[in-house]
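Per TrEMBL, compositional bias 'Polar residues' is recorded for B:1-18. Residues annotated as region 'Disordered' in TrEMBL: B:1-93. If you look up TrEMBL, you'll see B:23-33 marked as compositional bias 'Acidic residues'. Here TrEMBL flags B:73-93 as compositional bias 'Low complexity'. Per TrEMBL, domain 'FUZ/MON1/HPS1 first Longin' is recorded for B:137-259. Per TrEMBL, domain 'FUZ/MON1/HPS1 second Longin' is recorded for B:306-404. The domain 'FUZ/MON1/HPS1 third Longin' annotation in TrEMBL covers B:437-536.
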């Protein structure tokens, strides 16, 4: 009898708090981008030229003085932290109203993203008071968003420092600086306006991992065999295949480049208005007459430029990278490829569709049994940055605080990790105040999360349930590939 | 109930019905939650409470209430507003670093050092001192005008440029109607706090979260208030923005230092850090009969004394008894200041003392007058009798004699001595020994802000291992009490240990086990531990502080 008494009380207490704050909040303003800027202090050689170090500032229509002041504050913060630690290490500044993230991808070049933290207006003794919820902002997620801002630029334009080759303080260097500024303006104006809403960023944006399409072995091997294109056509350096929005084979592409490529293809598909008829037999997405776009890939630590050819047949997209040191591909090359790829690719695409519709039938059956409260899972391979999850299958099924907690618990994936700092094996279970359980396991460079919504479960029940899900879902060949 | 079908809950509920304070906490769960978990760690809530306090002074109310002839309070406040020695100089510097913040290009920087040449000449070259740079923790306190007040490491006079930079950063952000709260860089984080014309900054390489660092800063801030009071500091800075506050803090640096040096960053291995992390105090374990005899000895000898607000008996950094004036209580943060004062002051051991002390959570604007003395030469229990009457020394001194005599006759002194002479608390130790897999734990009932933790044993006696334990507790406490997304339970299996953190309606428990233990064993042992604590509750905790 007693445990029941307590069990009833606890949620009641939690509800009361929620209910209370809910009643008081008049309005909530979500996290927004206040500004985003790129600067390099070395461009300001003498006083009065401060505007030169600001290479890009968003929004554009801001007074120059404000831009210079903001950059000045960032520089001061970086210098201040440099008093105690390596100067290149500054990561974030929190003020009551903002969260400012710092990233220095290349020596001297700093990217700074300033976010307005979410705020809630409450009624306190008849007066409206703004309550800044800076604690809700996860630095790790938005720092990753900032890093992606840079990676996306690098993917399209290459390294920043390669744009400035002339010796400093010459007319030539000033010209190059202006060119770079114009290029940044052109890229980011489009990128920032089309990027995802900030408040929706979560653990996936933090890890930069990609969900691969799960296929059975034969189909996967057929898809994989398209890699032999690189042997048939030696100018093709790399070949990546996507089915709709999911990667089928990622080739040997660096994980962050693959993520950038994936975002680029998604953006391209949504902008592409041509009808599906065009791709029935397979066709190049960009016109064969135009020079193909150049992209920059990280090949063993060197950033090298490639032509990117995108070929599509039905739902399959093939991305081909051609070394840009050679001359741009000629029409004959396109035709040869088209003849070679068209029939095979459309055939494969049809087979994959059949396979997937079969899979869908079984998962819908499974999902119907358990609907929204079904356990959610997320598996991440830290080395290949592949993930496997059902979190997004039912939209909005996981409360935001649970998603943020997963981001808090996740181990950051970075280069030092890959360098051989042994990834610790650990197991973690937490219960949130709204009665969600998160079970995390980490071993062998993989992170596994299971999210359960069971208020009455005990620690041992949850362990059992998580074990069951691990065993049931971790059979995926693609996930274990590599 | 999260853990299993736990009998401890049954036990807890039993005690609830038996105890008035528990009932109160239970019937107002919302308030309870706010006060003890989020509220205390949440700076803004605290600031609000502070603003509330600034408006009225409990002490002056008490005086008015209790005596017809209330006198002005200023007599004891150290009144001094001598000439600010380097006032003009520091203004120059502040202005020059302001421009530093605006344009930190190399050229601007060299110009700055030119303009403040006189200062730079003997300035300590901290930027190139790897020992100073590499310290695990730094605390800087300065005035809003950039005047150095305190630095944990290094002579603050020689860090004058750094203080200038901090002041410039803070005031620059302030110009935009905003306030810096923290900076994060690789391996180090900085917490900022601004109170009453003071800027406090903590830099830490440990696992402490920003919230925990801010709690530490607020403890330091209260330590300063405890010496000077809020109103006095305000008055000083109203008169002269760049007043050198150090002149009024002479002698209290050791108090600030001791408050900050309680953790592994100062190579100290002790449980003290955990009282601060959980915002609580520790209680001196005594059999119930002994404790109630002590309380009644204090009550019977003090109830006639007017204007006596608190009587506090402590030993070994732990509370033996607290008797208070009706309707008034002491906040754990104030009690920690008292513990700190006693721990730092060897001189109290030799004689009776009469010292003014401000308890900021009680009344940040006035002093209480404390009669401080150890009970006897051979008993390290220290009694503080705190009154609002500044002429009460003799009355309180006599009361202390009577209390000591009473305690001697009732053998309570002996009981305290016995307890102290044990190298560890025997019963608690035995209990912990009975659970061999349990390495350490923290238990805090939600109703009392008191903490129970066993003495540190192997392996946590070595500094290196203790640092890990401290880091574990910092991280777990931070996750549990995270203001944006609090948790109810954490069960974590690490390479070296298993950690369980569990918050229920009545208590918080953090337990560290051997890494080889399985989940069922942990649950069984936690049950056992909770049951034992519930049984022995009155030995280790004080449910209700008596009144005069």
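Note that Cβ sites are derived from N, Cα and C of the backbone, with glycine treated the same way.
Unlike curated records, TrEMBL annotations are generated automatically.
Model confidence over the domain 'FUZ/MON1/HPS1 second Longin' (B:306-404) stands at 89, taken as the mean pLDDT rounded to a whole number. Mapped onto DSSP helix, strand and coil, the domain 'FUZ/MON1/HPS1 third Longin' (B:437-536) counts 36 helix, 33 strand, 31 coil.
Counted with DSSP, the domain 'FUZ/MON1/HPS1 second Longin' (B:306-404) comes out as 29 helix, 38 strand, 32 coil. Across the domain 'FUZ/MON1/HPS1 first Longin' (B:137-259), the DSSP tally of helix, strand and coil residues reads 60 helix, 32 strand, 31 coil.
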